[in-house]
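Summarising the annotation, TrEMBL assigns domain 'Major facilitator superfamily (MFS) profile' to 25-433. Look at TrEMBL and you will find 64-85, 97-118, 163-185, 197-216, 248-270, 282-303, 315-334, 340-365, 377-402, 408-428 tagged as transmembrane segment.
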Amino acid sequence: MQFHSGALDVSTLALEKAGLSKTQVIAATTLGTALEFYDFTIYSFFAIQIGQLFFPSASPVNQFLLSIGVFGVGFVVRPLGGIVIGAYADRAGRKKAMVLTIMLMALSCALIACAPPYAVAGMAAPFIVLAARLIQGFAAGGEFGPGTTLLVEYASDSTRAFFASWNFAATALGLALGAAVATLVNVSLPKDALLAWGWRIPFVLGIVAAPVGMLIRRRLEETLSDASSARTHRRGALKAALTTHLKLTILGTFAELGGSVSVYITAFFLPSHAVRTLHLSSTASVASGVISSLVLFVAAPVAGKLADRFSRKRVLVISRVTLLLAVYPAFAWLSAQPSTLMLCAVSAFLALFVAGQIVPVLVMIPELFPKHVRATGIALTYVVSASFFGGFSPFVASWLVALTGNPLAPAWYVAAACAVSLVPVIWLRDRTGEALD
């Protein structure tokens, strides 16, 4: 018990030494994650305008596809960003890594906001957009590992899940803010003004937010000790994660599978599925996306509190099993009575259990990796799960609907992912309330 108390004193000392409150630490750490998903959302909203300005020689359909294709390139480099910046965080420190990622995100927003159109810059224009998406994808891949690690290491032993939960809550906040800003710009400007300059406004706002986060992050107290950094220099964090801790890396990746698939289906696929397959309005789609994001934002810290009180595994298993059993009836209910209200209700209901299964895993994985490899370990498990399992989920779900002709097929996909990701949880140790190294 004395060791547990000592860990609490260390986290409190870090807060006092940095001169920041707990709220400021959470805000500084999660701002980059929120900015990542804000950027993700606004680009997808203005993909048509970007296609028209930067790929004008193509047909309208091909303009949109090229714009989305460039957007997808960012997902390709996310794993690389996670590995490189995660290893950097384990070698040079979490604080330096997080300052780097938010600088890169600001650069990406600036490139998009200031990029000259094809009519002015010729072939250089689409390459500027491509470079911006590559930078954003690299930074986004590297943001989550150091951010989650620092939150876990700043927290006391009794509040780690609550602290870590805010990094997931930030993703939901970024989605909601992005959708809200994009919608406001869309309805406030005529089409000509929107195409000429209006679509750039949300990216400019992203540039403005980045320096604020950078200044606060510079005040954070580093949680990586010199001894841990020295061990990383000797062994290499990536090598350790893929050799000594390979079993944990694999188990962690598959434990996160259910959460990655379910959040991408709930937040990204379901709104578009409602328009394309159930023939609801685009207004209903946007409304459901914003509502599910807000529910995720509120539910995440609640799930963190519950995981700190009742254990990670208990909250995780209850949430994952509930989602596994409820997702098909929820999809069936929506398909039988499609309406804006029903879509919003189903999205909100599913979001509750999505948060309940993601947050416990989010804190379990960094708790199991030793400090000198922690940021790399969480980055590896997250980017592989999110980029490959999560990122491709909307495509797989759409393919299943086309293949079977059944609008309920995506529900079986989510249920299968939840079932598979329950298995590795058996072998993951629950360290609720234990002191970390």
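Glycine residues also receive a Cβ, built from the backbone N, Cα and C atoms like all the rest.
Only sequence-distant pairs (6 or more apart) were considered; of these, at least three Cβ pairs between the transmembrane segment (315-334) and the transmembrane segment (408-428) are under 8 A, so the stretches are in contact. Taking pairs at least six residues apart, the transmembrane segment (163-185) and the transmembrane segment (340-365) share three or more Cβ pairs below 8 Å and count as touching. Scored by C-beta pairs under 8 angstroms, the transmembrane segment (408-428) has its highest count with 248-270, from the stretches 64-85, 248-270, 282-303, 340-365, 377-402.
Residues 148, 152, 160-161, 164-165, 167-168, 248, 252, 255-256, 258-259, 262-263, 266-267, 270-271, 274, 278, 280-281, 283-285, 287-289, 291-293, 295-296, 299-300, 302-304, 306-307, 312-313, 315-316, 318-320, 322-323, 326-327, 330-331, 333-334, 377-378, 381, 418, 428, 430-431 of the same chain, all 6+ positions outside the transmembrane segment (340-365), place their C-beta atoms under 8 angstroms from a C-beta of that stretch. Nonlocal intrachain contacts for the transmembrane segment (248-270), taken as residues 6+ away from its ends with a CB within less than 8 angstroms of a stretch CB, comprise 172, 175, 241-242, 288-289, 292-293, 296, 320, 323, 327, 343, 346-347, 350-351, 353-354, 357-358, 361, 364-365, 368-369, 377-378, 380-382, 384-386, 389-391, 393-394, 397-398, 410, 413-414, 417-418, 420-425, 427-428. For the domain 'Major facilitator superfamily (MFS) profile' (25-433), the mean pLDDT of the prediction comes to 90.
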